[in-house]
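Over in TrEMBL, the protein carries these features:
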DOMAIN    81-241  domain 'Glycosyltransferase RgtA/B/C/D-like'
TRANSMEM  34-52  transmembrane segment
TRANSMEM  105-123  transmembrane segment
TRANSMEM  129-153  transmembrane segment
TRANSMEM  181-211  transmembrane segment
TRANSMEM  223-241  transmembrane segment
TRANSMEM  274-293  transmembrane segment
TRANSMEM  300-317  transmembrane segment
TRANSMEM  323-342  transmembrane segment
TRANSMEM  354-373  transmembrane segment
Amino acid sequence: MHHPNEPLKGNNEPKLLDRLISSFSFDSSLNSSYGLLLLTSVIALSQFLLHLGAMGSYGFHQDELLYITLGDHLSWGYRETPPFIALMSVIGEWLFGDSLIGVRLIPAFFAGGIVHLTGLIVIRLGGRYFAALIGCITVAFSSAFLATGALFIPQVFDEFFWLLCTYLVLCYLQGPKNYLLYLLGVAIGVGILVKYTLAVYLVGVVLGVLLNRESRRYFSSKTFLIPLFIAILILSPHMIWQVQNGFPAFLHLDELQHTQLVHVGRMDFVLQQIVSNGTGLFVWLGGLVYILFSKKLRPYLYFATGFMLVMLVLLVFRGKAYYAFGAFPPLFAVGGIFFEDILRRSGRAVKVSFVVYLLLPNLVLSLVVLPYLPIGYTSRVFKWTYDNWGLDFPLRWEDQKVHIVNQNYADMIGWEELAVKTSRFYKRMSTSDQRQTIILAEGYGAAAAFTYYARKHPLPKVVSLSSSFAMWAPEKITAKNLIFFSSEATPVMPSQGYTKFASIDNPYSRVFGRGIYFVSNVKKVTLNWYASEWSEKRLQNFDFRVE
């Protein structure tokens, strides 16, 4: 086995394929490992094809619709997320269009990038084919990474940049070059523009680097400042935007803490970390132990400290389980090397059996983790696991109630039905009434659905005071008529004689049974209610005072 700091050496003169690989690699030591790179690429492609097969199922997730809408309002920040996802929405639509499959191609590509980076870490740590195979298949077909790579949401991009930062630090430790620090600074800056959680992981990475004498000598105080300065430069427009808009990131975090995270049980968090990667559990646990107790891997202690700090912080603050997923791939990479070492003298049958054990259950689970099955069958599978194994978290929603279907899937159903039924009603109105009608949507999912499907179905202007929609909402309503929809069970708008003309009929939808209402000749009480709500939500600033 190669020492982690020794370059891999080939037996022949570099060939054309070697040179091509070198041009896309950070180190020429990868030249002789093109077979390993090909293996990781094949696994990444297999994962992509698995994603591709399920891309057109069910419908847009309400979060996907929101992020598509954010792309129509490019800015250096939004109330619920940093700006990276909005930019990716614009790029994705330009490249692939705005269809369901087109929108989901980019996250699938990034998911494949995570698999490939995991393989590169294996190679740089001296792992060979079996290690690369184990490390990559546990990431590629993990339920956690299949799920996050299936949707156009920030999570898959967040995981990618966590891993990219980890890889760049590894490259620098094995061959200190300034351009790696420049790339690291860019990765940190862009990564935090995806999600702020990267900052927590990086604190753990820095701690691991400083705790080890071998790695510490590579990072003088001046060296640390290079990526830090570049990251701050990239982040500065977003930080200025936060100041100018009353720190909406803190407002969102505070709201999240009081409405969702407060309900996250710490034991549920631990249980989800154990089961979310399926059979890969033993691989990442083996990788964690190997890093902590192997002398040859001591320079890469930061793999473990980053992971452990993230887990500790999320446990203390009751973070959601998927917030931690980005810390797993480096452990899978080392776990692959761990099992390659302990199974080195085992026969082919043992190794094949181990690969089948890792792969087969996760592939079976992928039929439920990805929307391959009809929603009714998927619901019955989740109910069976709940009834027989007592696993309630797949069916437990943010309201802490156990429902008939997973919340992610419920969030993909009913939005086009909402838009189509509203459009049918709108088209039956007279032309003069159409001109004097707007949609008032309560809930960002409904507002985003109306906005997106207006590209395909005739719909009036959409107004909402939910999430970032409040930033674009007019101060006053001037329309004569309203089409009103609330994601809540009962409308919150003051009663003034509105008429229910349709409702959502799909029982698997988050908004099942919710009514769509028409308000004719909007009264002053409604106008005053809207103006009051606008003042509260549009002009809200975060209060830093401690109660």
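Numbers run from 1 along the shown chain.
Just so it is clear, glycine is given a Cβ too, placed from its N, Cα and C backbone atoms.
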Residues of the parent chain within Cβ reach of the transmembrane segment (274-293), under 8 Å, 6 or more residues beyond its termini: 134-135, 138-139, 141-145, 300-301, 303-304, 307, 321-322, 325, 328, 330-339, 357-359, 361-362, 365, 391
Distant-in-sequence neighbours of the transmembrane segment (34-52), which means Cβ under 8 A and at least six residues beyond its ends: 17-18, 21, 101, 104, 108-109, 111-113, 115-116, 118-120, 122-123, 128-129, 132-133, 136-137, 140-141, 146, 149-150, 366, 370
Local confidence of the domain 'Glycosyltransferase RgtA/B/C/D-like' (81-241) - pLDDT mean: 94
